[in-house]
Amino acid sequence: MFQNADEAKKLIADEDVKFIDVRFCDLPGVMQHFTIPASAFDPAEELAFDGSSIRGFQAIHESDMAVRADLSTARVDPFRRDKTVNINFFIHDPITGEQYSRDPRNVAKKAEAYLASTGIGDTGYFGPEAEFYVFDSVRLANSATESFYHIDSEAGAWNTGALENNRGYKVRYKGGYFPVPPVDHFADLRAQISLELDRAGLQVERHDHEVGTAGQAEINYKFNTLLAAADDLQLFKYIVKNVAWQNGKTATFMPKPIFGDNGSGMHVHQSLWTGGQALFYDEAGYAGLSDTARYYMGGILKHAPSLLAFTNPTVNSYHRLVPGFEAPVNLVYSQRNRSAAMRIPITGSNPKAKRVEFRAPDSSGNPYLAFSALLLAGLDGIKNKIEPAEPIDKDLYELAPEEHAGVPQVPTSLPAVLDRLEADHEFLLAGDVFTPDLIETWIDYKRTNEIAPLQLRPHPYEYEQYYDV
């Protein structure tokens, strides 16, 4: 919104803005904020906060951190009562003035600079497609004496026998793709979200009900450069959740909220450009792909087992990545084939539209780190001319066992991908984009705060299985 500090001050005064919402991203990927009066905001000044209270940041004995405004990200918040402008900030060390190596937005900024320094290209475009579910309610409890979750949705397949306010038109399990209303209960909600996205500067291309029951949805908007695309995704999630909340609903981007139905993924479309020219198109190549694009895919497929530590970084991610629910578990590439982890969309002969789509990711993690890791893996493939295995255009779910045995698969758990990241992360250190400290912190955080607590707790299904042993 703002190009410089003077422009920011003028607009804040002219538009009678009351508050500035200071936003930055924690290490796991959740946006944080604090709010200051607009009258106290000086775009040129740093603001301080306690880094020891932010997940994945500082220890208590070195907790002071500072943020500096990225004025290009300023947006009026449509959900606040008093006029508020949200601005994303970069994090700095207040003593040295250096950019903080664990600041996810700084990682994305360094990734873009590294791309330009390689001479391969000057711009990377990323287009995530984040699916989500819409529920009426969610209840959960975890204590020493109880553990459960309960979700409900007026459109849920499990509510066909509900006694009250049941007018039918429930969405069957794995049967939600493209039905018209009244089976599609949430067309108006998605339309309202789409209008808010457009007002926020995200150009919506389409919205639809996805395959899952209970309001699973997808809203696609225009791609962007790496850092901006990650900012856009955080803004997208903020708008989706708040519009749902305003309508008495609750939205979740959890990868697998419903057992027995499709999970929610985040397919990521990617392309490289230089001097305004697309680098991924060659009409003579398979599916119209250039050598550069093929090597880029080769890098991602080679490093995928460690990449998933950033693109699929939760325990719940691996409940989605199982055969039978349209999940891309096969580490191969193909034209059109949605059972492959890497797909080349049909885009005709337009070089500018040629891109590759990595289908494994979900949106439970940190988009700044995920997109940066994907770019670095792809660039490693280009620099080292990593050839992917031959494309497979068959339905990979229907291969004979002997054929399927030769197809590489994604790892099946978060501990497995963290082990792979520990062994394979040199490509992430290029250009000092990721630091060894960041990678070590990420692995330790996931093991300590997400894996270990689950290992300590009995699961409700264990009672069903083992109570009467």
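A Cβ is built for glycine as well, from the same backbone N, Cα and C atoms used for every other residue.
Annotation comment: Swiss-Prot describes 15-96 as domain 'GS beta-grasp'.
The domain 'GS catalytic' annotation in Swiss-Prot covers 104-469, and the record cites sequence analysis as its basis.
Annotated Mg(2+) 1 binding site per Swiss-Prot: Glu129, His267, Glu357, in sequence order, evidence recorded as similarity to another entry. Counting only residues at least six positions away in the same chain, the Cβ atoms of Glu218, Asn220, Gly265, Met266, His267, Val268, His269 sit under 8 Å from the Cβ of Glu129 (Mg(2+) 1 binding site). Secondary structure at Glu129 (Mg(2+) 1 binding site), as computed by DSSP, is strand.
For Glu131, Glu210, Glu218, the entry in Swiss-Prot reads Mg(2+) 2 binding site, with the evidence type similarity to another entry.
What Swiss-Prot lists as ATP binding site is Glu205, Tyr221, Lys222, Phe223, His269, Gln270, Ser271, Arg338, Arg343, Lys352, and the listing cites similarity to another entry. Long-range Cβ proximity for Arg338 (L-glutamate binding site), meaning a same-chain Cβ under 8 A and a gap of 6 or more residues, is found for Glu326, Pro328, Arg359. The DSSP secondary structure for Arg338 (L-glutamate binding site) is coil.
Around Glu326 (L-glutamate binding site), taking its Cβ as the centre, 18 other Cβ atoms fall within 10 Å, counting all chains. Residues or ranges marked as L-glutamate binding site in Swiss-Prot (evidence: similarity to another entry): Asn262, Gly263, Arg320, Glu326, Arg338, Arg359.
Annotation for Tyr397 (O-AMP-tyrosine): spatial neighbours Pro323, Gly324, Ser339, criterion Cβ-Cβ under 8 Å with sequence separation of six or more. Swiss-Prot lists Tyr397 with the feature O-AMP-tyrosine.
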Counts by DSSP class (helix H/G/I, strand E/B, coil) across the domain 'GS beta-grasp' (15-96):
12 helix, 35 strand, 35 coil
Of Lys222, His267, Arg320, Arg343, Arg359, the binding-site residues given in the record, which has the fewest other CB atoms within 10 A of its CB?
Lys222
Cα within 10 Å of Arg343 (ATP binding site): which of the binding-site residues Glu210, Gly263, Glu357 qualify?
Glu357
I'd like to know which of the binding-site residues Glu205, Gly263, Glu357 sit within 10 A of Glu131 (Mg(2+) 2 binding site) at the Cα level.
Gly263
What other residues of the same chain, not counting Glu131, Glu210, Glu218, have a CB atom within 8 A of the CB centroid of the Mg(2+) 2 site?
Glu129, Ala130, Phe132, Asp208, His209, Val211, Gly212, Gln216, Ala217, Ser264, Gly265
Please identify, among the binding-site residues Glu210, Asn262, Gly263, the one with the smallest Cα-Cα distance to Lys222 (ATP binding site).
Glu210
CA-CA, which of the binding-site residues Glu205, Glu210, Ser271, Glu357 lies nearest Arg320 (L-glutamate binding site)?
Glu210
